[in-house]
Amino acid sequence: MGQAAYISKHHIGENNYQIGFYVSVPGYHGFVFSWDQWFELSLIETNSFVVSEPLRWPVLAIAILAAVVGSQAIITGTFSIIKQCSALGSFPRVKIIHTSSKIHGQIYIPEINWILMLLCLAVTIGFRDTKRLGNASGLAVITVMLVTTCLMSLVMVLCWHQSIFLAICFILFFGAIEALYFSASLIKFREGAWVPIVLAFVFMAIMYAWHYGTLKKYEFDVQNKVSINWLLSLGPSLGIVRVIGIGLVHTELVSGIPAIFSHFVTNLPAFHQVLVFLCIKSVPVPYVQPEERFLVGRIGPKEYRIYRCIVRYGYHDIHKDDVAFEKDQISHTEGIQMCEEDEGPSDIAGSSE
């Protein structure tokens, strides 16, 4: 309707029909044309510039507010994705600050916030052109939409238990539309659209390298873990002086004894009377109930006083601080010790290892 109204009034000149749509939509030039280009186009008909001039500042204010909302959504979404990737062992560990005691998902990651700021400054200073920024943003947005559609089809089948035929129809209908926009955005690859592709490959390489290193480290710990027979051969005192207290040894293993413990035994002159192998695991669920968070079991005979504690966190759980965590862990360990007063010398945890 706007295009028809403009052409009906400004029908002089062939160029007017070509740019009629862009001129008839207020504010569209702010995303497609620079101000100089808009001024040149508007000089074709003076009246068109006079009509759009009063709308410039209101549209500019709306565009600024929209940019603030969009940037906040990107920042919040980035924090959430980084936290989940780190919990799944696919991203380097970063400092996660929980800014609210009531809203569990409200977090802040200083390192990621600084990286986003530097990337924004680098792209803005490097391009200095709204056209290239628009090409980069367009490809990033349509890629996210296309990936979301593909993942949505999997959710329909795996989570909602819908028919595969319905999922295929869904992805064919919406995916075909988004694929057209995606192919159109790829045409602008050399004109700024290469930025999101490069950033995606960089972060994918970082995540792959971190996941590969984490997996190799875990495989090494599994292959070189100490056998329970070696531990039993040392006797209840483990060949060293056992002093009063509880010693925590962190490990990624959920079964067996880590190789680092053999170094403790051979190099330390004394160790605590109660030894606990602590393993913290992130499980692919949002929350873990407090009564199901700690899994404590004994390793070996009761007189050895060696236990394993597996602590499970969901990707939306808040990790407690050192003092509160130690109190909960020690209380669970003491509860196991009290329950073992009437038990035999062996249990499932000891016999399985």
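Backbone N, Cα and C define each Cβ position, glycine as well.
Look at TrEMBL and you will find 50-232 tagged as domain 'K+ potassium transporter integral membrane'.
Taken from TrEMBL, the feature transmembrane segment covers 57-82 (among others).
Residues annotated as transmembrane segment in TrEMBL: 103-127 (among others).
Annotation comment: TrEMBL describes 139-158 (among others) as transmembrane segment. Using a Cβ-Cβ cut-off under 8 Å and counting only residues 6 or more beyond its ends in the same chain, the transmembrane segment (139-158) has close neighbours at 164, 166-168, 170-171, 174-175, 178-179, 181-182, 185-186, 188-189, 193, 196-197, 200.
As annotated by TrEMBL, transmembrane segment applies to 165-187 (among others).
Cβ atoms under 8 Å from those of the transmembrane segment (193-210) belong to residues 85, 89-92, 119, 123, 135-136, 138-140, 143, 185-186 of the same chain, restricted to positions at least 6 beyond its ends. Taken from TrEMBL, the feature transmembrane segment covers 193-210 (among others).
What TrEMBL lists as transmembrane segment is 230-250 (among others).
According to TrEMBL, the domain 'K+ potassium transporter C-terminal' annotation covers 245-322. Under DSSP, residues within the domain 'K+ potassium transporter C-terminal' (245-322) fall into helix, strand and coil as 15 helix, 35 strand, 28 coil.
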Where does the mean pLDDT land for the domain 'K+ potassium transporter C-terminal' (245-322)?
-> 81
What else in the chain is close to the transmembrane segment (103-127), if you only count residues 6 or more beyond its ends and a Cβ gap under 8 Å?
-> 74-75, 78-80, 82-83, 94-97, 133, 136, 192, 195, 199, 316-318
